[in-house]
Amino acid sequence: MVDWHNPNVIADERLALTNLTHALAGLYIWELVTTLDFEWSFFTGRRPWKWSMLFYLSGRYCVLAAIISQLIIFDTRREMNCMALERSIQGFAFVGIDTASVLIALRAFAFWQQNYYTLVILVAVFMTNVGIQIHGIVVGVSSWDPATNSCTIQDTSRMRLQLIVNFATDVTLLAIMLVGLIRQRIPGSLYQLLFNQGVLWTVIATLCYVPLVVLSCLNLNDAMNLMAPILSYITLVICATRMHRGLIDNVYGPAQRRSDFMCKLRPY
């Protein structure tokens, strides 16, 4: 049986975490570069600017900032301010995750015909999640370890509450969105696209969060606790931004006919 607290095992897991982070960084940068034309089309006026693009851009580039900060921690061998870097990573990653949730919440609000009771529920759920995330950033502890010449994060199991609340938030937003979408029941390719995207997001969110919660509950070691979060926030933001691009392409594509249902989505 593996002794997860054995120093040799921990060293191997830290190396695996470093390699995983570098691989995911390459994947994410490739995703950014190959899809730059989408946001460029808004800046050049080829597509009408919508304020939902602020969330789209914030999610993409905050995750990039989180990845860069993570690489600095892994690749620097001189003493640094670990607390500042760790809080930067968590802050940027949480903004990325939250903007992905906002893109879902905007759809839910539109599907419920901008019902303000729905808005109150969405805001309450979202702000609860943000409050838990801020608490996690404040209580987090990271320090320089001279033995390994790297930053170490203490008590990573504390992230369990954040992960559970993040998962519950996304599930709630998805449920509200899908119920609102099913109530519309307007035939056509746009309805089918939105329904398929909602189901896909549910599956991806589950696949991302369940391993996170399980590993956090098992608390094998700090390196193992940190592997899944990096993979999850990159996956969630890539998925959310791809879904947003797919929706924009469908609504504003030259071959797509306009409809009243599309007009409900246009403000976002």
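Backbone N, Cα and C atoms are what each Cβ position is placed from, and that goes for glycine too.
Taken straight from TrEMBL:
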type	residues	note
TRANSMEM	54-74	transmembrane segment
TRANSMEM	89-109	transmembrane segment
TRANSMEM	116-141	transmembrane segment
TRANSMEM	161-182	transmembrane segment
TRANSMEM	194-214	transmembrane segment
TRANSMEM	226-243	transmembrane segment
Non-local residues, at least 6 beyond the ends, that sit with Cβ under 8 Å of the transmembrane segment (89-109): 52, 55-56, 58-60, 62-63, 65-66, 69-70, 73, 115, 118-119, 122, 126, 129-130, 133, 136-137, 140, 166, 169-170, 173-174, 176-177, 180-181, 194, 201, 229, 233, 236-237, 239-241, 243-244, 265, 268
Top Cβ-contact partner of the transmembrane segment (116-141) among 161-182, 194-214, 226-243 (pairs under 8 Å): 161-182
Beyond the flanks of the transmembrane segment (194-214) by 6 or more, those residues with Cβ under 8 Å of it: 104, 107, 160, 163-164, 166-167, 170-171, 174, 177-178, 181-182, 228-229, 231-232, 235-236, 239-240, 243, 246-247
Sequence-remote partners of the transmembrane segment (226-243) [C-beta within less than 8 Å, at least six residues beyond its ends]: 13, 16-17, 20-21, 24, 27-28, 31, 35, 56, 59-60, 63, 66-67, 70, 93, 96-97, 99-100, 103-104, 153, 156, 159, 163, 197, 200-201, 204-205, 208-209, 211-212, 215
